[in-house]
Every structure is written in C-alpha cells, then in structure tokens.
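Undergrad: Pasting a structure below so you can have a look.
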Amino acid sequence: MIGASKLIRIWINARVYPAIAGAEIINDAVIVAKEGRLTFVGPASALSIDDRDAETIDCGGRLITPGLVDCHTHIVFGGDRAMEFEMRLEGSTYEEVARAGGGIVSSVKATNALTVDQLVQASLPRVDTLLSEGVSTLEIKSGYGLTIEGELNILRAARALEKVRPVRVVTSYLAAHATPPEYKGRHADYIADVVLPGMDRGHAEKLIDAVDGFCEGIAFTVDEMRRVFNHAKVLGIPVKLHAEQLSNLGGAKMAASYGALSADHLEYLDKEGAEAMAKAGTVAVILPGAFYAINETRKPPIQTLRDAGVRMAIATDCNPGTSPLTSLLLTMNMSATLFRLTVEECICGATREAARALGILDTTGTLEVGKSADLAIWNIERPAELVYRIGFNPLHSRVFKGKQVST
C-alpha cells in the first residue's frame, strides 16, 4: 500500500493514452502524482493506496494523454505580416517576398522596437491559445532580433513567459535566421559579429537550450551553418536546423553529423539525408502550417522517413509570416490530411516525439513513472477525435507538474 499525503493527487475513473511505443489505452485507469511527478500509471486493479489525505479527482471516464508539446515555434515577436499574406495571394512566392526585403527581416523592426516586457505581453495571447488546447511544453526560438541584444531580448522574454504562465519553455538561439540589411552579402561578418558572440552571451546568461539555424538558398549555406554548429559544440549546446524547406542543400545530413536534436521542414529531403538522420537519432519535425500558408506543393517525404526509421514530430511553427498558426490540434489534422500521417503518428508526434526533438523525453512527453505529471484531459471517446476534428477544442482540463491549471 502506498502511503498518501496532501502532496499526492490521484486521478481515477480515467482512460489513459500513455503515448508509449506499443502501449494501448488503459481502461479504468488511475494516475498518481506526488510532488508533481508521476508515481503510478495503470489499471485501478493494480494499485492499492491510502487516499484519505490525498486529493482525488474523478475524471468521469475521460481520456487522458500526456500534455502536448509544441516543439517548433517563433511565438515571441512584434507586429504582424498580414500585408505579405496579401502579396502571396496576389502571386508572390515566399522567396520573392524575402528577396524584396520582406519575410523575416520585416519582423525584425517591429520586434526590436519592443522591450522585453512588451514582447511578453505581445506573445501572451498566442501562448494562451496554445495552452487552452492542452499544451504543457513550448519551444520558443529567437531569430527576429538579428542583433546581439535583440536576439537575447527574445530569449529573455521566452524565459519570462515561463514565469507568468504554467508552461515549460525550451529555448532555441536562432540568430542564424537571416541577415539584416546592413550585412547584406556579408554572411561571414554577420556570423562573426553577431551570431557567435551572441551565442556566448546567451550561454553565459543561461538563455539558450539549443542552437538553431536556417539553411537555405535565401539564408545560410551548409558551410556557414557548420561554423555556427562548431561554436555551439565547443560550448556544449545541442543543435537543430531548419533544413530542406525550399531546396535540398544537404542541411539535414550535415545537422545529423553533429547529432542534431532535430531537422525541421524537410520538404526536399532525400533518402541519403533521411538515412543520416536515422543513424544519428535526429528527429524530423514536420510543419504543415508553413506548407499550407505559403501554398507549397512539395510535401515532406513521409514514407522515406518511415522506411529509414526516422522518428517524426509535428509542430505549429507559429510565426508571423509563414505559419501564423496557434493550434496544435489543427496541426495534427493537417499532418494527417495533407501528409497522411496516422493518428498514432500525429498524437505521438505532438507528445513523445516532440519531447524527443527537444531533448526532454526524460522529463515529459509520455505518461510514465518518474516523469512530470503533465496531463491533458479530454472530452472524447477515442484518440482519433483529437486528429479528426477541425476547429473544435475538446479539452476538459490541463494538469501541469501535478496541478490543475486550466479548464
């Protein structure tokens, strides 16, 4: 018998989808958490507990999954890019918008005009929308500063968001996102003057959990990203990469050679790149919001990824220009409908594999003893409903680190 205390919470009368490979739904399930950590997940018949002093929550037969993980966002920014949306409707491509001075650079001015506190306030409505759909963990990238201070302010805002909302924030340093106008044609100088010293400062301030980059014809070359990743390696910071979104430069293969946590987008990934990712354990992060928003026609090679044994995560890619999306539930539906991911691939892609893509699978992403008690409790009969519905939020309540934080 487990001795209970007021620090123990017990969820009874539940059905549990643990998101563990090969595991089935546990009916008539019980979840026990102590001091925010899971101590039991399984059938009620397998547990004996003295619950006189514990808080017991009757789930009414609802389905419980791990709290969702959005593993790729640019959610901290100022302004919007609705005008570019109109440009694309009139026929301009993503590359044409970027080469005309729009795209990422156009968000920089609006973002750098805000203080850290103002960035937090601007981002909260977007963050709150994701949390309302069961998200417990959120990755946030810099990339709209393009100066040392601008990049670090975005990361400071990301850290601050974790203090004002019940959410786990994982940060990525993305100074190698674009070059500002004053460095046009001088990528090497920008890397030397901004990217590398900014990484040093961010690392010293404990603002950086991973280093990211945009490897593409309109951004940085493979060799330029190697320079950035070599510096991250010296500092002991994990890396990840936006790769093969608009063309195949071999970025995913290069990232895999550094043991990258993930390579993201991947519409133009080839078999060689997929095999390199599989060998390195690099997760493929699929981003249907960007594919949809820029009216892309080339889909990521899902079957090639499956055949190679690459694990797949999905994410919103929430950003002001190419994926103004704040619904991980809709992202699941897009992944299934546009890219033919299975229900299991979608749900595990927004939980287990998303946590793996952030390097935090030991903390969250599945419902297993020892992990954080991050739960999403749903008013649904079967898991497929999370993927099947469009524009409907069936969340009943959210639990973060063992505490109910929203209904």
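Here the Cβ of each residue, glycine as well, is placed from N, Cα and C on the backbone.
These figures come from a predicted structure and were not determined experimentally.
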Undergrad: Swiss-Prot records ARG81, TYR144, GLN245, THR322 as 4-imidazolone-5-propanoate-binding residues. Which of HIS177, HIS187, HIS203 is assigned to the same site?
TA: HIS177
Undergrad: Spatially speaking, which of the binding-site residues TYR144, HIS177, GLN245, ASN319, THR322 is closest to HIS74 (Fe(3+) binding site)? Use C-alpha to C-alpha, please.
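TA: Nearest by Cα distance to HIS74 (Fe(3+) binding site): ASN319.
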Undergrad: Cα within 10 Å of HIS242 (Fe(3+) binding site): which of the binding-site residues TYR144, ASN319, GLY321 qualify?
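TA: Close binding-site residues: none.
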Undergrad: Tell me which of the binding-site residues HIS177, GLN245, ASN319, GLY321, THR322 ends up closest to HIS72 (Fe(3+) binding site) in space, Cα to Cα.
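TA: Answer for the nearest of the binding-site residues: ASN319.
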Undergrad: Filter the binding-site residues ARG81, TYR144, HIS177, GLN245 down to those whose C-alpha lies within 10 angstroms of the C-alpha of ASP317 (Fe(3+) binding site); answer none if the list is empty.
TA: none
Undergrad: Give me the long-range Cβ neighbours of ARG81 (4-imidazolone-5-propanoate binding site): same chain, 6+ apart, Cβ under 8 Å, in sequence order.
TA: GLY102, SER106, SER107, PRO320, GLY321, PRO324
Undergrad: With an 8 Å cut-off on Cβ-Cβ distance and a minimum sequence separation of at least 6, pull the same-chain contacts of GLN245 (4-imidazolone-5-propanoate binding site), or say none.
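TA: Those within reach of GLN245 (4-imidazolone-5-propanoate binding site), by Cβ under 8 Å and sequence separation of 6 or more, are GLU216, HIS265, LEU266, GLU267, TYR268, ALA290.
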